[in-house]
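Okay, structure first, notes after.
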Amino acid sequence: MGKHHAKRSRRGTATAVVALAVVGTLGVAETAEAADMPAASAASAAFGAHAKEAARLLKLVNSARSEVGCSPLTLNAKLTKAARKHSADMASHRNMSHTGSDGSDPGDRITHAGYDRSAYGENVAYGYTTPESVMAGWMNSPGHKRNILDCSFKEIGVGLAQPGNYWTQDFGQPDRQSAE
């Protein structure tokens, strides 16, 4: 089962787009940003035991984005924190969903992690044992693929938790006003 969530917000207004896609055992993906570190170093610092998987997934995401002319995403520590926490929550409750066990949605979790954004998206998945297999599942789902190939996203966070291989990708576009 797979799910996709994207939201755009601007000061004073907000629009939300929520799409659900069901494809096999498709799950969750999240995005996170890291300082200007090489992918392997940023992934190692952010993911510990799952550093290799995170670095491979980031490479696959950026390869797909380059094929359509999008800039590469950078790992963001705050997005990664949100993604990892959500993956752990899904694994501990054995429930793949964009809604956390505490009722939080992706925007709540990303904001709680300290990420100021003007837009965000989230992919989630479970059951996939490798970055390559989860990426293939997401790319075969229109909603998930749309998040991955959204050129407005600049940063990503990735989460993976056991048992069950619960994946989260949190994508973000930093809030221009807070970055200034």
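We count from 1, first residue shown onward.
Using the three backbone atoms N, Cα and C, a Cβ is placed for every residue, glycine included.
No curator has checked TrEMBL annotations; they are predicted automatically.
According to TrEMBL, the signal peptide annotation covers 1-34.
Within the domain 'SCP' (58-171), the DSSP-based counts of helix, strand and coil residues read 50 helix, 25 strand, 39 coil. Per TrEMBL, domain 'SCP' is recorded for 58-171.
What TrEMBL records for 88-112 is region 'Disordered'.
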Average pLDDT across the domain 'SCP' (58-171), rounded to a whole number: 97
